[in-house]
Amino acid sequence: MVRILTKKSFALSALVAASLMASGAMASDKTEPRNEQYKDKFSKQYNSWHETSESVEITDALEQDPNLVILWAGYGFAKDYNKARGHMYAVTDLRNTLRTGAPKKDTDGPMPMACWSCKSPDVPRMIEEQGEDGYFSGKWYKGGAEIVNTIGCSDCHEKGKSKLRISRPFAERGMEAIGTPFDKASRKDKQSMVCGQCHVEYYFEKTADKKGFVKFPWDKGTTVEDMEAYYDAIDFADWTHKVSKTPMLKAQHPGYETWQLGMHGKNNVSCTDCHMPKVKNAEGRKFTDHKVGNPFDRFEETCGNCHDQSKEFMVNLDKERKAKVKEIQLRAENQLVKAHFEAGAAWKAGATEAEMKPILTDIRHAQWRWDYAIASHGVASHAPDEALRVLGTAVDKAADARVKLAQLLAKKGVPQPIALPDISTKAKAQAALGMDMKKMNADKEEFKKTVLPKWDAEAKKREATY
């Protein structure tokens, strides 16, 4: 029997079909990377997340502390290192930094695809589409037109839901390595684990089967000594230091690891308790504030939930802890800078690899420990005791290297102390290393003018098909 549809029944059928299509699309597990797609259903969270754009100031860490240029000599961070800004700037700042160079095609540039891995919900989208082998292969340029949505909703939440998720397979493997699989964790633990997808120490693998993959070095544990032992066991180095020829380790931002060791972590005060508290909007409705930031900016909703001291007291206590950490940090830097130049002098004087090996091991371990402490941005607040302990061992190991160097330099007939170049400013330190900053900056400006518009146009065309 043939059924004749009236206008009314046809319209109703079309409406039902459209509804089913929409429901089917939302039911898909595929990552939706476009953050604006969530602004209606989760308006309060979306609007507060968007306020991370207010951290407009760019703070040049190399300008503030020129020692860093020498400590990272031969590595990208000696070119450019700004303090972190809000999540809204994750993609922008990675595009603009000198560390990513000025590539003109997908085979150019100093950095691999893995450098995008914590910057965008486009990353899990690409991994879903291409697999990890496809995503991690190639240079950073390859992801330019694909990775355009900054850190947002789908990085931490299942599609269209408030339910938390880990969106990176490498992060899942990391959590499993330390016996805390995400699917078995409590919601309270998950609130920190989603942050631990990115606010962690990681490295890029160099094995043939997983070259360029991101991995957390947690196989032996998550302390500074555990990860140091792991890296030593696999003979891993991020780069060779330009002055001392030390096989170096570059710590990333082990916030999750250091948080666990502090009083907040030990009492299971989560990342969100302090950095994304529950707040009330103008209508009095509670929601999770996604303007990730300083707990002191929302003291009553964060610190005030547990502490009965005043905001002034807590702020001053935090300042005191930061000052103590900074003091030992600078002591470690002073020892390390001298050790690098003294090692360089030893090589020039004819030192052998056998003579230098124990010295370079001390420098490697000292700088790794220093970097582990300072790269964890909030360590003075999260785990001040651990920060001071680790920095103290960095000072000791750097001093051990310098004692051995003094003996070796004397043996080689080299007058001491070794003359050091003027590194009192960022520019002078970079010049001392022979870095052509004028060319690097000019190349980057050309890249921003010619390549970035091309990436954005390609991305817009692709997203129009979603």
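Numbering starts at 1 and runs along the chain as it is shown here.
Backbone N, Cα and C atoms are what each Cβ position is placed from, and that goes for glycine too.
Residues annotated as heme c 3 binding site in Swiss-Prot: H87, C195, C198, H199. According to DSSP, H199 (heme c 3 binding site) sits in a coil region rather than a helix or strand.
When secondary structure is read from DSSP and collapsed to three states, C118 (heme binding site) falls in the coil class. Around the Cβ of C118 (heme binding site), the same chain contributes A90, I151, R168, Q197, C198, each under 8 angstroms and 6 or more positions distant in sequence. The heme binding site annotation in Swiss-Prot covers C115, C118, K119.
Under a cutoff of 8 A between CB atoms, and with a sequence separation of 6+ in the same chain, the neighbours of H157 (heme c 2 binding site) are K163, L164, R165. The heme c 2 binding site feature in Swiss-Prot is assigned to C153, C156, H157, H290; the stated evidence is sequence analysis.
A C-beta separation below 8 Å, combined with a sequence spacing of at least six in one chain, links K250 (Ca(2+) binding site) to W72, Y75, F77, D238, W239, D371. Positions annotated as Ca(2+) binding site by Swiss-Prot: E201, Y202, K250, Q252.
The substrate binding site annotation in Swiss-Prot covers Y202, H253 and rests on sequence analysis. Sequence-distant contacts of Y202 (Ca(2+) binding site), defined by Cβ-Cβ distance under 8 angstroms and a gap of at least six in the same chain, are F170, G174, V214, K215, F216, P217, Q252.
When other Cβ atoms within 10 Å of the Cβ of H264 (heme c 5 binding site) are tallied across all protein chains shown, the result is 19. DSSP classifies H264 (heme c 5 binding site) as helix under the three-state reduction. Per Swiss-Prot, the feature heme c 5 binding site maps to H264, C303, C306, H307.
Per Swiss-Prot, the feature heme c 4 binding site maps to C271, C274, H275, H382. Counting only residues at least six positions away in the same chain, the Cβ atoms of Q191, S192, C195, H199, W259 sit under 8 Å from the Cβ of C271 (heme c 4 binding site).
Sequence annotations record features per position, and here Swiss-Prot assigns signal peptide to 1-27 based on sequence analysis.
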Binding-site residues near E201 (Ca(2+) binding site) (Cα-Cα within 10 Å), from H253, H290, C303, H307: H253
The one of C153, C306 whose CB sees the fewest other CB atoms within 10 Å, among these binding-site residues: C306
Neighbours of C274 (heme c 4 binding site) among the binding-site residues C115, K119, C156, H253, H290 (Cα to Cα, within 10 Å): none
Cα-nearest neighbour of C156 (heme c 2 binding site) within the listed binding-site residues, C115, K119, H253, H264, H275: K119
Within 10 angstroms of H87 (heme c 3 binding site), Cα basis - binding-site residues out of C115, K119, H253, H264, C306, H382: K119
Lowest local Cβ density (other Cβ within 10 Å) among binding-site residues: H87, K119, H199, H275, H307: H307
